[in-house]
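Trainee: Straight out of Swiss-Prot:
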- Asp127: active site, proton acceptor (ACT_SITE)
- Gly11, Arg72, Cys73, Gly102, Asp103, Gly104, Ser105: ATP binding site (BINDING)
- Arg21, Ala22, Val23, Val24, Arg25, Arg154, Gly185, Ala186, Glu187, Arg211, Lys213, Lys214, His215: ADP binding site (BINDING)
- Asp103: Mg(2+) binding site (BINDING)
- Thr125, Ile126, Asp127, Arg162, Met169, Gly170, Arg171, Glu222, Arg243, His249, Ile250, Gln251, Arg252: substrate binding site (BINDING)
Amino acid sequence: MKRIGVLTSGGDSPGMNAAIRAVVRKAIYHGVEVYGIYQGYAGLISGDIRKMELGSVGDIIHRGGTILYTARCEEFKTLEGQKKGIEQLKKFGIEGLVVIGGDGSFAGAQKLTEHGFPTVGVPGTIDNDIPGTDFTIGFDTALNTVIDAIDKIRDTATSHDRTYVIEVMGRNAGDLALWSGLADGAETIVIPEADHDIDQIISRLQRGQERGKKHSIIVVAEGVGSGMDFGREISERTGAETRVTVLGHIQRGGSPTGFDRVLASRLGAKAVDLLLEGQAGVTVGIENNKLVHHDITEVLQRKHSIDLDMYRLSQELSI
């Protein structure tokens, strides 16, 4: 293999640039040319493809976002769109592709594999919802962003004797809510993977009020429901002054943490190794601090699981 491509797709996550850097540098180290595909699968279809050199990835390891830009592309979900993408890859002489992104990005990579084109997926999403890896690129940075925000919100909550409902990202996964809630001592954590009873949540808050507790923090994953709705019901049923904060896209931005930079570097370099070894249709990951790879179809078919022991611990500590 003498020429490979790399693209980022779907929602951006801090550390994607570090992964791009690792792909480019590892490939060039092995004498392989690298082409960057801009705007994800949309850029693949349109042919927005440019050769990358060592200088192309200079001074980006610390930057959030992605220098290749990203986009969601409905056209690539069609057979015609996939054929256009493969035609562009052949036109540029690209023999293998590294795809950095989440499950939607991996679904696109799987389609390329089915058409006989070698791909390797690198998990990049703040949701940490990709099976086959303990952590995804960007999760640790987003977690620290959320923790910092909750720390600041708790300061004002204690000053005004208020209950705060904080909605964090996590459409189908509660990792951000669980980890940040546990780290910040939240009184209640609401995630998609665990049943929640609003009556029990209200009772817990009322017990706290009865023993003199003046403020509370409730962390809600967006996939469970609207933080605004939670806040409204809590205010109506407890009489507590309640405020709602939706953290939104601030969770995706910022300079990646050291952990995410190292993780992205390891996964990006491993993706190149796998392509050069002749592997195709796989994803890279890290399990027990060891680099691993799994069949991409298997990864897409598996359901994300959360550490329910950690969830139970959060409940035990928030009595």
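Using N, Cα and C of the backbone, Cβ positions are placed for all residues, glycine too.
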Trainee: Using the alpha carbons only, what distance in Å do you get between Val23 (ADP binding site) and Gly11 (ATP binding site) once rounded?
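Mentor: Counting only the Cα atoms, the answer is 19 Å.
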Trainee: Any idea what DSSP makes of Ser105 (ATP binding site), helix, strand or coil?
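Mentor: SS state of Ser105 (ATP binding site) = helix.
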Trainee: How long is the line from the C-alpha of Arg171 (substrate binding site) to the C-alpha of Gly104 (ATP binding site), rounded to the nearest angstrom?
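Mentor: Pair distance, Cα basis, whole Å: 13 Å.
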Trainee: For the binding-site residues Arg21, Arg72, Arg252, which one has its C-beta crowded by the most other C-beta atoms within 10 angstroms?
Mentor: Arg21
Trainee: What's the number of neighbouring CB atoms sitting within 10 A of the CB on Lys213 (ADP binding site)?
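Mentor: So the number of other Cβ atoms within 10 Å of Lys213 (ADP binding site) is 14.
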Trainee: By the DSSP assignment reduced to helix, strand and coil, which category contains Arg252 (substrate binding site)?
Mentor: helix
Trainee: Report, in whole Å, the straight Cα-to-Cα distance of Ser105 (ATP binding site) from Thr125 (substrate binding site).
Mentor: 10
Trainee: Highest CB neighbour count within 10 A among the binding-site residues Gly11, Gly185?
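Mentor: Answer returned by the neighbour count: Gly11.
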Trainee: Measuring Cα to Cα, how many angstrom lie between Arg21 (ADP binding site) and the residue listed as 'active site, proton acceptor'?
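Mentor: Given the Cα positions, Arg21 (ADP binding site) is 22 Å from the residue listed as 'active site, proton acceptor'.
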